[in-house]
Amino acid sequence: MAMDFIRIRGARTHNLKNIDLDLPRDKLIVITGLSGSGKSSLAFDTIYAEGQRRYVESLSAYARQFLSVMEKPDLDHIEGLSPAISIEQKSTSHNPRSTVGTITEIYDYLRLLYARVGQPRCPDHGFPLEAQTVSQMVDHMLTLDPEQRYMLLAPVIRDRKGEHAQVFEQLRAQGFVRVRVDGELYEIDAVPPLALRQKHTIEAVIDRFRPREDIKQRLAESFETALKLGEGMVAVQSLDDATAAPHLFSSKYSCPVCDYSLPELEPRLFSFNAPVGACPSCDGLGVAEFFDPDRVVVHPELSLSAGAVRGWDRRNAYYFQLIASLAKHYKFDVDAVWNTLPAKVRQAVLFGSGDEVISFTYFTDAGGRTTRKHRFEGILPNLERRYRETESPAVREELTKYVSQQPCPACNGTRLNRAARNVFVADRPLPELVVLPVNEALNFFRGLSLPGWRGEIASKIVKEIGERLGFLVDVGLDYLTLERKADTLSGGEAQRIRLASQIGAGLVGVMYVLDEPSIGLHQRDNERLLGTLTRLRDLGNTVIVVEHDEDAIRLADHVLDIGPGAGVHGGEICAQGTLQDILESPRSLTGQYLSGKRRIEIPKQRHKPNPKMMLHLRGATGNNLKNVDLEIPAGLLTCITGVSGSGKSTLINDTLFTLAANEINGASHTVAPHREVENLDLFDKVVDIDQSPIGRTPRSNPATYTGMFTPLRELFAQVPESRARGYSPGRFSFNVRGGRCEACQGDGMIKVEMHFLPDVYVPCDVCHGKRYNRETLEIRYKGFNISDVLQMTVEDALRLFEPVPSIARKLETLVDVGLSYIKLGQSATTLSGGEAQRVKLSKELSRRDTGRTLYILDEPTTGLHFHDIEALLGVLHKLRDEGNTVVVIEHNLDVIKTADWIVDLGPEGGHRGGTILVSGTPEDVAAHKASYTGQFLAKMLPSVKARETRPAAMANKPDARPPRKVKPEKVAKATKTATKKTAKKKAS
C-alpha cells in the first residue's frame with residue numbers, strides 16, 4: 001500500500017525538542033517560524049538528510065565513496081521518504097567559467113545545435129564554407145543570363161612570391177591556351193616575366209561559354225577539370241562585365257577565396273572550457289587583466305612629489321630620482337598637480353618614453369652621483385614587469401591592487417575563438433544569442449524555422465532549449481542573459497536557476513526541499529514562482545518549502561509553524577494543518593500576523609529630507625543602468641526597490657558602496673562607471689552588511705566574529721589564579737598552542753573518516769569536547785571556565801558579564817538584533833543566512849558611533865519572520881534616529897512601508913530596466929501608476945497620508961554642511977572635526 005504521509009518520530013536535530021509529526025506526501029508544505037526556531041533543522045538536516053542518506057546507501061559501496069553523505073540525523077524513526085533533492089540559498093559556483101547557460105545546461109544544447117546545423121563562414125570574407133557538388137555548380141551557372149559570356153578559371157597559384165616559370169610550362173604541357181595573371185588575361189605564350197619578390201595569383205582559363213541548357217555536359221566536364229587543377233576551388237568571371245564579382249565555388253569545406261577551412265563541426269568547438277573552442281588570448285575567460293591607470297594614479301588631485309602615484313613620491317628615493325630626471329627632460333614641475341600636467345608628460349610617465357633616450361641621474365651608495373642615458377620604462381610597464389618576474393606572493397598581492405579587468409580584445413569578451421564565432425544559425429552566431437535576455441532568446445527560438453534537413457535535426461534540440469528558457473521565465477529570471485557569470489548572481493537568483501533546472505528534469509515521485517525561493521523576488525514575480533512550485537507538486541512530487549512569504553503560506557496545502565521562540569526557546573510545533581488551522585491557533589505567531597491580530601505598524605510621522613543634505617550620484621551607467629542620477633537624503637532610512645534585475649545591486653553595491661568605501665574607508669574596489677558624486681563628506685564611515693557567511697570554518701563563531709572573544713580572554717587572564725600562573729590572553733585561545741587541547745587541536749571533536757559512510761565526529765576523549773586542556777579549565781570567573789562561557793547563550797552571558805562594559809556592549813547589540821538565543825561558541829557554519837547577517841549588523845552596532853555613518857544593507861529580511869522583521873526595523877530606525885544614513889535594498893513591503901524615502905527602479909528587469917521611476921515617500925511611490933512597487937504598496941498604506949513633520953535627526957547636527965563636491969583632503973578633515981566634537985561631548 002502506498003504511504004500517504006512522511007512520519008517522523010522523536011526528531012532531536014540541533015534545537016528540535018523530540019518532535020513527532022506526520023506530513024502529507026505529494027503536497028506543497030510550507031514550514032515557517034522565527035529565524036533560528038528550527039525550520040532548517042527539520043527540513044534540511046532531518047528530512048532531506050535522511051532522504052538523501054537512504055538513497056545513497058542503496059548504491060554500491062564503491063559508488064558511495066565518491067559522494068558526500070550527510071550526517072545521520074538524531075531521531076527515533078522516519079518513514080515515507082522519497083529520494084530527496086535540496087535547492088538551497090547557497091550562492092552558486094565561484095568558478096569564473098560558470099555561467100547561467102552552463103548551470104542550466106542550455107549552453108550544452110546550444111553547442112549541440114550549432115555543431116549539427118550551424119553554417120560556418122570565412123572570418124575574413126564572409127563566404128559560407130560549403131562543399132558543393134559539380135551538379136550544384138552547373139545548376140547555379142544555368143540560372144545566369146544566357147546572353148552573357150563567362151570564363152571558367154582554376155586557381156593554380158594564390159598570393160605567392162616568385163617568377164613561377166615552371167607553372168606556365170606545366171599548363172602549356174597540359175594544353176591550356178590562356179591564363180589570368182594578377183587579374184590580367186594573357187595568351188600562355190605571351191605572359192610577361194613576373195617580378196620575383198612580389199606576390200602573384202595565377203588562374204588557368206579552362207573554358208569560355210554562354211550558360212545554356214545544351215552545354216550542360218560540357219560545363220560538367222569543365223568544372224571537373226577545373227576542380228582537379230585548382231584543388232577543389234573554381235571561379236567563374238563575366239567576360240562582358242569586368243567589374244562584376246566572380247562566382248566562387250568549392251568542392252571542399254573551405255572558403256573559395258582564401259581556402260580557409262574547418263574540420264567537421266563538433267560541440268566542443270563551441271565550448272570555452274575546451275582548448276579547441278576557447279579564445280587563445282584569454283583561455284575562454286572573456287576578460288583580460290591590465291594595470292589600470294585610474295588605479296595606479298590614486299590621487300590625481302595631488303602632485304607626483306606628494307603621492308599622486310603611491311611608491312613614486314619623495315619617500316621612495318630610487319623611483320623619485322627617475323621622476324626628477326623625467327621632469328628635467330620634459331620641463332615639468334614635480335610639485336604640479338597631476339591633473340594639470342600636459343597629456344604628453346602624463347603619457348610618458350605612465351607608459352614610458354618610447355624611443356626617446358633620457359639622461360637619468362642616479363645616487364650611488366657612496367653618496368655620489370652618476371648619469372646614464374636610456375629610455376624610460378614607464379610606471380605601468382614597470383608594474384607589469386615586476387608582476388611577471390616576482391616570485392613573492394606578497395609582492396604579487398600588492399601589485400594586484402592596481403589591476404583591473406576589461407573584455408578580452410581578441411574575442412571581445414565572447415570567450416570563443418575565431419572559428420567558433422563565425423558559425424551561424426539563422427544568420428546569428430552563438431555569442432550573439434547568449435547576450436540576449438532570456439525572454440528575447442525564447443522568442444528567437446520560438447520563431448526559428450530552418451529549411452530542409454537542418455530544420456528536422458534542429459527541431460528536437462530547439463524544443464529542449466525552448467522548454468528550459470521557458471522555465472527560467474516562469475521563475476522570474478527573464479531578464480538574465482545566458483552569458484552572465486554565476487558568481488555575480490544573488491542567492492535568490494542562484495536558487496531559482498536551480499529550481500528551473502529541476503523543473504526541466506521533469507522528475508516524478510521526488511521530495512524537493514527548498515529554502516526561501518522568494519528571496520530577491522519582487523511581489524510582481526511571486527505569482528509565477530508559486531505557480532512553478534505548484535507545477536512541481538502536480539507532477540507528483542512532495543514539495544517542502546522553508547518560507548516566510550505570506551502568499552506562499554496562504555497557497556500551501558499544509559503549513560507547519562515551528563517556535564514559539566528561536567534557538568533554545570524554539571524547536572517545538574506551535575501549529576500545523578491548513579491555513580485556517582494556523583489562523584485559529586493561539587500559539588502561532590505566524591497565524592497572528594496573517595490574521596491581522598499583530599502587524600508591523602506604519603510610522604505615525606515620517607522624517608522628511610533636508611534638501612541641503614542630499615548625497616548626489618550622477619551619470620551611473622554600470623550594467624543596465626541608463627545614465628541614472630541618484631539622490632539619497634542623509635540621516636534617513638532609504639529603501640531601494642524595483643523588480644528583480646532592475647539595477648538595484650549595480651547602483652548601490654557596485655557603484656555607491658564601492659565609491660564611498662574607496663573615498664571614505666580608503667579601500668580599492670572597482671567602481672562601476674559614473675560621472676560624479678557630491679556630498680560624500682556628509683559621512684565619516686561606510687558599512688556594507690551583506691549575506692555572505694561570517695566564517696567558513698567551524699572555528700569561526702559569534703564570539704570571535706564580533707570581537708568579543710578578545711576582551712573575554714583578557715578578562716580570564718586577569719583572574720587572580722591566572723595571574724599567579726602567568727597566563728596571558730593567548731592561553732584562552734583554541735586556535736594556538738598553549739591552552740588548547742592538543743589531542744583535538746582545540747576543535748573539541750575528532751573526525752573519523754569512514755570512506756563510503758558519512759564521516760563521524762566524536763567528542764575528543766581527552767578534553768571531552770571542552771576544547772581546552774585541564775590547566776586552562778581550572779581558571780574560573782564567577783564559577784565559570786572559558787569552555788562554559790562559550791557554551792552559554794547570549795542572554796545568559798549578558799547576565800554574567802553585565803559589569804564588564806567591553807563585553808556587555810557587544811552582547812547587548814546581539815540581543816538588540818534578536819540573537820539572544822545563539823551560543824557564543826556556536827560554529828559559524830551552523831548559522832542561517834539571516835542569522836549571519838544579523839551577527840554582522842550587531843558587530844557594526846557595537847562600534848562607537850559618530851552619527852555620520854552610511855549603512856548599506858542588501859535584503860536584510862532574508863530568513864526573517866514577520867516578528868523578526870519588526871525587531872530589525874527597530875534597530876534600523878534606532879540607527880537612523882542617531883543621525884546615521886541607512887540604505888536598504890529590499891522587496892519586503894513591511895520594510896518598504898516604514899521607510900522615510902524610497903527610490904524605485906524599473907520599469908522591468910534587464911535592458912528594460914535601469915532607470916529611476918520615482919523617488920519620494922512611500923505615499924509618493926504608491927501614487928505612481930507606472931511603479932509595480934507602488935501598486936503593491938498602495939494596498940498596505942491607509943488612504944490618509946502620513947503627516948510629514950519631524951525633520952531628519954542628522955539635519956540638526958552641528959556637523960551639517962552645505963553641499964559641495966567631495967575631495968579626499970576634505971573627507972579627512974571632516975572626519976578629524978567630527979572626532980574632536982565627539983571627544984568634547986564625552987568630556988562635558
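Cβ atoms here come from the backbone N, Cα and C positions, even for glycine.
Values in this document were obtained by computation on a predicted structure and should not be read as measured data.
Annotated by Swiss-Prot as zinc finger, the relevant range among 171-198, 255-282, 311-338 is 255-282. The stretch that Swiss-Prot tags with region 'Disordered', taken from the ranges 374-414, 661-701, 948-988, is 948-988. Taking Cβ-Cβ distances under 8 Å and a sequence separation of 6 or more, the neighbours of Lys39 (ATP binding site) in its chain are Ile31, Thr32, Gly33, Val546, Ile562. Residue counts of the zinc finger (255-282) by helix, strand and coil are 4 helix, 2 strand, 22 coil (DSSP-based). Mapped onto three states, the DSSP output places Ser646 (ATP binding site) in coil. Ranking the binding-site residues Ser35, Ser37, Ser644, Ser646 by other CB atoms within 10 A of the CB puts Ser644 at the bottom.
Reduced to three states, the DSSP call for Ser35 (ATP binding site) is coil. The average pLDDT computed over the zinc finger (741-767) stands at 84. Long-range Cβ neighbours of Gly642 (ATP binding site) (same chain, at least 6 residues apart, Cβ-Cβ under 8 Å): His522, Lys648, Asp904, Leu905, Gly906, Gly913, Leu917, Tyr932, Thr933. Helix, strand and coil counts from DSSP across the zinc finger (741-767) read 0 helix, 8 strand, 19 coil.
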